[in-house]
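Pulled from Swiss-Prot, these are the features on record:
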ACT_SITE  Cys47  active site, cysteine sulfenic acid (-SOH) intermediate
ACT_SITE  Asp140  active site, for phospholipase activity
DOMAIN    5-169  domain 'Thioredoxin'
MOD_RES   Thr44  phosphothreonine
MOD_RES   Lys63  N6-acetyllysine
MOD_RES   Tyr89  phosphotyrosine
MOD_RES   Thr177  phosphothreonine
MOD_RES   Lys209  N6-acetyllysine
MOD_RES   Lys209  N6-succinyllysine
SITE      Ser32  site 'Important for phospholipase activity'
Amino acid sequence: MPGGLLLGDVAPNFEANTTVGRIRFHDFLGDSWGILFSHPRDFTPVCTTELGRAAKLAPEFAKRNVKLIALSIDSVEDHLAWSKDINAYNCEEPTEKLPFPIIDDRNRELAILLGMLDPAEKDEKGMPGTARVVFVFGPDKKLKLSILYPATTGRNFDEILRVVISLQLTAEKRVATPVDWKDGDSVMVLPTIPEEEAKKLFPKGVFTKELPSGRKYLRYTPQP
């Protein structure tokens, strides 16, 4: 599909109608991190579980200065009515209020602009719906991460939170996070940092894994 964003691209400063009124995207983000995530349709089973989990994790994102905003091709009216079902799914009072807004993209303008349409999933009129896309933007409004899932597979919002924690850590410190890393685990020293500099940067210690190649590139340090 036309449109789409690449890592490092600045988010378009679009305007949109949402469940909390009309927004301009850059103003909504402010100086926060932001997650824009699309779902195929309101009142569907997988989407209900996804937004329910996002709502449960919203306080964890908020304390890390991350704003959430959802999007689909449904109307604001549908979003508000569906929010009651989402809250009921979470065993909470079935109100129209969620801890994040949902964008009304019934004309698919943003879905086309951002490359969010899934040509394999069509509505009753034969029009493509939105895929399960996740965009993570930094305070500089640049895209730091993108994830694209098909309609049939729900996303793991705990994994999205884990990735955001990694993105924020590695934006501040000269480290990388290894496979299956969790907050609090040891991290990896970037291979571009000379050994003597690494000792100064990481006073908790740098631990090198000995390898048959003799190359000292697997270097760990406790999470800064």
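Backbone N, Cα and C define each Cβ position, glycine as well.
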Between Thr177 (phosphothreonine) and Asp140 (active site, for phospholipase activity), how many Å separate their Cα atoms?
22
Which one of these recorded positions has the most other Cβ atoms within 10 Å of its own Cβ: Thr44, Cys47, Lys63?
Cys47
Any idea what DSSP makes of the residue listed as 'active site, cysteine sulfenic acid (-SOH) intermediate', helix, strand or coil?
helix
Using C-alpha atoms only, work out the spacing between Ser32 (site 'Important for phospholipase activity') and the residue listed as 'active site, for phospholipase activity' and round it to an integer in Å.
9
Sparsest-packed of the listed recorded positions (Tyr89, Asp140) - C-beta count within 10 angstroms:
Asp140
Between the Cα atoms of Lys209 (N6-acetyllysine) and Thr44 (phosphothreonine), what distance do you get, rounded to the nearest Å?
48
Which one of these recorded positions has the most other Cβ atoms within 10 Å of its own Cβ: Ser32, Thr177?
Thr177
Quick check: of the recorded positions listed here (Thr44, Cys47, Asp140), which one has the Cα closest to that of Lys63 (N6-acetyllysine)?
Asp140
